[in-house]
Amino acid sequence: MKIALIAHDEKKPEIVRLATAYKVILQAQTLFATGHTGKLIANATDLKIHRFNSGPLGGDQEVGALIAQNQMDLIIFLRDPLTAQPHEPDVNALIRLADVYQIPLATNVGTAEVLLRGLAAGFIDFRNLVNGDLTKHDAY
Ligand SMILES: O=C(CO)COP(=O)(O)O
């Protein structure tokens, strides 16, 4: 699975803790991150992460581009809901594209944990939804 990890500045300690706690699951995936987030996680965990530009310099849009190319499977984006972001349009555009393509996206650590545990258990099967094949989901 291709996973993007992104966190606004106030949430960076949280995403580092999350990545550390779920390192075993994450290290089996192909990881991407915006610039500063990726650097902090890589330093703390030794996880191999492809780093894009920093969010305000286009990193969010780079993640969005991968979504549009069907190259992104899951996104953890710990947003700071209490601080205005200069690149708010980019943030909104990324979240919008995730909805357009039905990509699982967590914006807080509670949802992120559910997604990562679901991923480990093999429950993240959204590509069947994207392709209109609901057979697996009919079982639930
Ligand atoms: O601003 C961000 C997401 O909108 C995150 O970017 P950085 O990881 O480079 O700080």
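Positions of Cβ are set from backbone N, Cα and C atoms, glycine also.
Annotated in TrEMBL:
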DOMAIN    1-140  domain 'MGS-like'
BINDING   H8, K12, S54, G55, H87  substrate binding site
ACT_SITE  D60  active site, proton donor/acceptor
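Location within the structure of each feature annotated in TrEMBL.
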residue: H8; record: substrate binding site; DSSP class: coil
residue: S54; record: substrate binding site; DSSP class: coil
residue: D60; record: active site, proton donor/acceptor; DSSP class: helix
residue: H87; record: substrate binding site; DSSP class: coil
**Asked** Apart from H8, K12, S54, G55, H87, which residues in this chain have a Cβ no more than 8 Å from the mean position of the Cβ atoms of those residues at the substrate site?
**Response** I6, A7, D9, T34, G35, H36, T37, P56, G59, D60, Q85
**Prompt:** Cα distance, D60 (active site, proton donor/acceptor) to H87 (substrate binding site), nearest Å?
**Reply:** 9
**Request:** Identify which of the binding-site residues H8, K12, S54, G55, H87 has its Cβ surrounded by the largest number of other Cβ atoms within 10 Å, counting every protein chain shown.
**Result:** G55
**Prompt:** Just counting, how many other CB atoms are there within 10 A of the CB of the residue listed as 'active site, proton donor/acceptor'?
**Reply:** 27
**Item:** Helix, strand and coil counts within the domain 'MGS-like' (1-140) (DSSP)
**Value:** 75 helix, 20 strand, 45 coil
**Message:** On a C-alpha basis, identify the one among H8, K12, S54 that is nearest to D60 (active site, proton donor/acceptor); the candidates are the binding-site residues.
**Reply:** S54
**Confidence summary (mean pLDDT) of the domain 'MGS-like' (1-140)** = 91
